[in-house]
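Visitor: Dumping the structure here so I can ask a few things about it.
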Amino acid sequence: MERSPEEGAGPEPSGQSPATDSTRERDGGSGVPPAGPGAASEALAVLTSFGRRLLVLVPVYLAGAAGLSVGFVLFGLALYLGWRRVRDGKERSLRAARQLLDDEERITAETLYMSHRELPAWVSFPDVEKAEWLNKIVVQVWPFLGQYMEKLLAETVAPAVRGANPHLQTFTFTRVELGEKPVRIIGVKVHPSQRKDQILLDLNVSYVGDLQIDVEVKKYFCKAGVKGMQLHGVLRVILEPLIGDLPIVGAVSMFFIKRPTLDINWTGMTNLLDIPGLSSLSDTMIMDSIAAFLVLPNRLLVPLVPDLQDVAQLRSPLPRGIIRIHLLAARGLSSKDKYVKGLIEGKSDPYALVRVGTQTFCSRVIDEELNPHWGETYEVIVHEVPGQEIEVEVFDKDPDKDDFLGRMKLDVGKVLQAGVLDNWYPLQGGQGQVHLRLEWLSLLPDAEKLDQVLQWNRGITSRPEPPSAAILVVYLDRAQDLPLKKGNKEPNPMVQLSVQDVTQESKATYSTNCPVWEEAFRFFLQDPRSQELDVQVKDDSRALTLGALTLPLARLLTASELTLDQWFQLSSSGPNSRLYMKLVMRILYLDSSEMRLPTEPGAQDWDSESPETGSSVDAPPRPYHTTPNSHFGTENVLRIHVLEAQDLIAKDRFLGGLVKGKSDPYVKLKVAGRSLRTHVVREDLNPRWNEVFEVIVTSIPGQELDIEVFDKDLDKDDFLGRYKVGLTTVLNSGFLDEWLTLEDVPSGRLHLRLERLSPRPTAAELEEVLQVNSLIQTQKSSELAAALLSVYLERSEDLPLRKGTKPPSPYAILTVGETSHKTKTVSQTSAPIWEESASFLIRKPHAESLELQVRGEGTGTLGSISLPLSELLQEEQLCLDRWFALSGQGQVLMRVQLGILVSQHSGVEAHSHSSSSLNEEPEVLGDPTHTASPVLEVRHRLTHGDSPSEALIGPLGQVKLTVWYHSDEQKLISIIHSCRALRQNGRDLPDPYVSVLLLPDKNRGTKRKTSQKKRTLNPEFNERFEWDLPLDGTLRRKLDVSVKSNSSFMSRERELLGKVQLDLAEIDLSQGAAQWYDLIDDRDKGGS
C-alpha cells in the first residue's frame, strides 16, 4: 500500500469536523435545541418507560403464581444477562469494525503514533497491493446487487420455502436491504504459479455490513431477521484454464483457504440464538454450511465457456502433494499442574493438536512429563501451495479445561522447497520447543517405483496408522437406469465408497434413477496391489441396495497414468444399471536421497545414546532381528480322522438287565496336552462318526495318541476300549490309515486315519488347499486349517512408565480368533525380554489377523498391534522379522511366519511337477494296486476341472455344480457354487435359490434347498449337500437341479428360472470337477 504526499495531507484546520456540522444542521442549524414536544408527548414517553419496567416483572409474578421456586427466576435472569452480554459484544464489534473501515487512514496513522503528514510516501506493502479501484466499482454496483437479491429472495427463495412445508405457507420476506456498506477488498496478492495456464489471486475480503433482512410467518405471528453482519477472510480466486479464445479464461474457482470469521447480529425470534451456548452452536452450524461448499477442499466453480473439459477435475483437482508429519517430541514445556493450592509445582500432561486446513489430528497424552516423546506420524493432503499452513498446538490435559502450552506455524511452501525438514521449532505463546520431521511426498503417475515405496514403508514404525504408499481419488459422476423401489417409485440414490475400514458417502439425489452427483472422494492406500474399492449404491434410507461394485485397485496399476475413466456395470442391480466414475491413483514418493527416518527400526541413534550417569559400560547395540531357538518353526499339524467303529460291546440293559440293548458310543482323544471328543452316536454298535480334529505337534520323541471309547450314560459312562498310537511312526511316515483293535475289551475295533501336515513357506498352493478343505470338510467337524502361524516374541522397548516415573510390569497376549497365548510377566521394566513362542491354526489366511496386546499388571494396556495375515502372504518366505510399533508408546521385536498346510499324500507334488505337460499322468506313489485316497482324487481333479467353460451361455443362464462320490464315507456330495446370467421376468430382479432332488425319489428325505439370494441375476451360494447312499444305488439315480425364485411376497407360488438334470451313471463321480451347466426350460428334454 503506497501513499502519496497528497494522500497523507491532514484535514482542513477547522474547529469542527464535517460530521459535527451535519449534526448541527439536523438539530436545527444554530446549536439551540429544537422545540420540545408537548406535555402529552412527555406523558406518553413516561408511561411507555414505566410499562417496559413493569413488563420485566411479569415473568417474576407468573413464576410466583405458578408456585415455582426462585431458582427459575434466577435461571431466567442468568439467560437474559448472558444474552445481553453477547448482544452488546456483537454491537460493539460491529461499531468498531465500521469505524475502522470508515476512517482507516486516520486510525492507522494514530496506531503508528504519526500524523497524516508524518506518514512517509514510500511506505508500501509489496506482498499485498491495495485495490481501491475495485472497491469503487463495488460501491457503485452494490445498490443494484441489492435489487437483484431482493428479487431473488422474494421470487425464488420464498416460494420454495412455502412449498417445502405446509406450516410455512405464510412465509414472506418483509424487508431485504443490503445497506450502504459494501464488501471491501482490503488487499490483493498475485502468486507466481508453476503452471502457465493458471493465475492465482488472494483477496483479503472484509464485510462489515448494515444489511437488514426480515422474514415473517404471519400464521404464527413469528418474526425474525438479521441486522448487521461481519465476515473476514482470505478468498483465493483461480483463473484456469487460460485458453486461446475469448474470454481467455475458461473458468473461475473461488474458495476460502481457511474458515472465515463470521459474526451475525440477529433480530426478532432469532435473538434467542444469542443465548450463551446457542450462540456458539448456531455460529458453528452456519460456518459448517459455508465450509461445505466454499472452504478448501471445497470450491465454487463458475465455467465461463460452454462444454468445458475436465469440469470435475477443476471442481476437485488432484492434491499438490502429501506431507508426512512426524510428531517426534517436545522439550522445555511449562508446568501447569499445581498441588496444595499452588504451593507445590507439578508437571504437565501434554498432548499436541496438528492442523493443516480442515484436517486435524490429536496425539496421545503423556502423563506428567515436560519433555514428552510422542513418535507419531500423520499424513495430510495439501491442496494449495502457497497458502496452507502446518499448525501445531500443545496443551496440558486437565479434567476441566486444557491449558495452552504454545503453538507453532509453518507454511507448507517451505516443506515443498526443502523436501525434508527435521528441526526443533520454538513454541509461540508459551515456552519450549517441538520436534517435527516434515516430508514432502510427490504424486507419481506410474507404478514404476511402487515396490521401492512399499519396501521403504515396511521399515517405518508409524502410529497410529501405517504409512501410505498411494492415494486414490474417486470422481463420482453419475449413474444410469438404477432399479426402481417397490411400487415403481423413483429412488433417492446415494453412494457409499469403502477402502478397507474407511467409508465415505455421497449426497443423496432425490426422485431419480439416473442421478448426477459430481463429487470427489480421497483415500489413502497402504498397498494398492491387494486392496479393493467397494461401491454400494443405496436408497437414502440405507435399507435398499440399488447396485454394488467391487473393483480390485490392482487394475489401476496397469492402466495408463494409473487412471480409469469409464462406465462400470453394477451387480445386484438392473441389467442396464451402470455407474460412471473416474479413478485416479498416484504413488506417494519421497526422493531416495532423503529416505532417512529417525523412527525407522534400527535407524535411531541408539548407539549414540550415552549410558546412565556413572556407568562405565557402553549400552548394548539394539538388535535388528530376532534370535529364536532351533526348535522354533518346526511344528507340524496332526490331522486325525475318526471314521467309524465295529463290533463294540453292548452296555445298555433294560428291565433290570433282562433285556440286552446296545451302546451310545463316543471317542475321547488325548494328544499334545489336549483332550478331544467326538459326538455321541445313539444305540449303535457299528457307529460312524466321520469327524476330523487338528492338533499342533512337535517332533519330540515318545509322544502318544491316547484313544478311549465310551458308552454315554446318565450316571457314569461305560468303558468300551482303548488304544495308544505312537506319534513317531506317524510323523516319520506322514500317513496312517488302519483299523485298530481295541484293548482291554472282548471285541471292537476303530477305523482311524492320521495325516501329518507339514507347513510350507509359499502361498502358491493356498487357493488349492482352501478348495480341497471345502470338499473334504465334514458336517460335524470344525473348519479345517489351511496354514500354521508361528510367532516368536523376543522383547519390547520404550514402554510407557506408570504415572510418568515408575516402570511397569509388562506381559503380552497374542490372539488369533478365539485362541490366545499369554507370556510371562517381567517385573518393573520398560524394556522386557520374553523370548517366547506360540503357534496358531489358521483357517482363512486372507481374512484373519494376529492381535498383540502389551499390558502391565495393574496399569491396563500399554500398547497393541493388529497384523493382518494377508501381509504375510505377500512376503518372501511368508515371514516378517523386525521391530513393530505399538499403537501406544513403545515397540516390540517379533518374528511372524506362516506355513501353508499341504499333505504329503495329497498329490500336490505330482501336479506341480507335471503342470507343464497336460498329457502326462500324475505319478501315483506307493502300490499301484492300492486305492488312492479321496484327498489325492480331489486335488487331481481340481487341477483339470476348476476353470469354467468358455462356451456361450444359454438363454436361461447357467449353474455351477460339483458332483462327486466319497468312497470312504459312502456319500454322494454336491456343491452348489453359483449361477450366472439368469433370466429376468418383468422389471424386478429375481430372488433366486436352488432346489435339488435325487430322482426318482421326490420326498423330503432326498430334497435339498439352498438359501435365497435377494435381487440378483448372478447369485453366489457355495453350499454343500450330502446323501448317504451306496455307490450302486447312486448310479441308478438322477440329480434334478432347479433354479427358482419367489414370485411375490404374498404368494406361495415359485417361479422356475431354469433347471438341469444329471444322470449320475453318465458322470465320472471320481473326478467331481466344478462345471457350468446350461439351464433349460421345464418343457425341454435335453440334458445339460
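FYI, residue positions are counted from 1 along the chain as it appears here.
Placed from the backbone N, Cα and C atoms, the Cβ positions cover glycine too.
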Visitor: Could you check Swiss-Prot and say which of Tyr589, Tyr792, Tyr993, Tyr1077 is marked as phosphotyrosine?
Guide: Tyr993
Visitor: Looking at Cβ-Cβ distances, which residues of the chain lie under 8 angstroms from Ser809 (phosphoserine) while being 6 or more apart from it?
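Guide: Looking at Cβ-Cβ distances below 8 Å from Ser809 (phosphoserine), excluding near sequence neighbours, one finds Thr825, Val826, Ser827, Gln828, Thr829, Gly856, Glu857, Gly858.
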Visitor: Give me the Cα-Cα distance between Tyr993 (phosphotyrosine) and Ser316 (phosphoserine), rounded to a whole Å.
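Guide: Computed Cα spacing between Tyr993 (phosphotyrosine) and Ser316 (phosphoserine) is 44 Å.
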Visitor: Check each residue in the chain of Ser316 (phosphoserine) that is at least six apart in sequence and keep those whose C-beta is under 8 Å from its C-beta; list them in sequence order.
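Guide: Long-range Cβ contacts: Pro297, Arg299, Val473, Tyr475, Glu519, Ala520.
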Visitor: Quick one: average pLDDT across the domain 'C2 2' (446-572), no decimals.
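Guide: It averages 89.
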Visitor: Under 8 Å between C-beta atoms and at least six apart in sequence, can you list the same-chain neighbours of Lys806 (N6-acetyllysine), or say none if there are none?
Guide: Gln828
Visitor: Kindly assign Ser316 (phosphoserine) to one of the three DSSP-derived states: helix, strand or coil.
Guide: coil
Visitor: Please report the number of other Cβ atoms within 10 Å of the Cβ of Tyr993 (phosphotyrosine).
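Guide: There are 22 such Cβ atoms around Tyr993 (phosphotyrosine).
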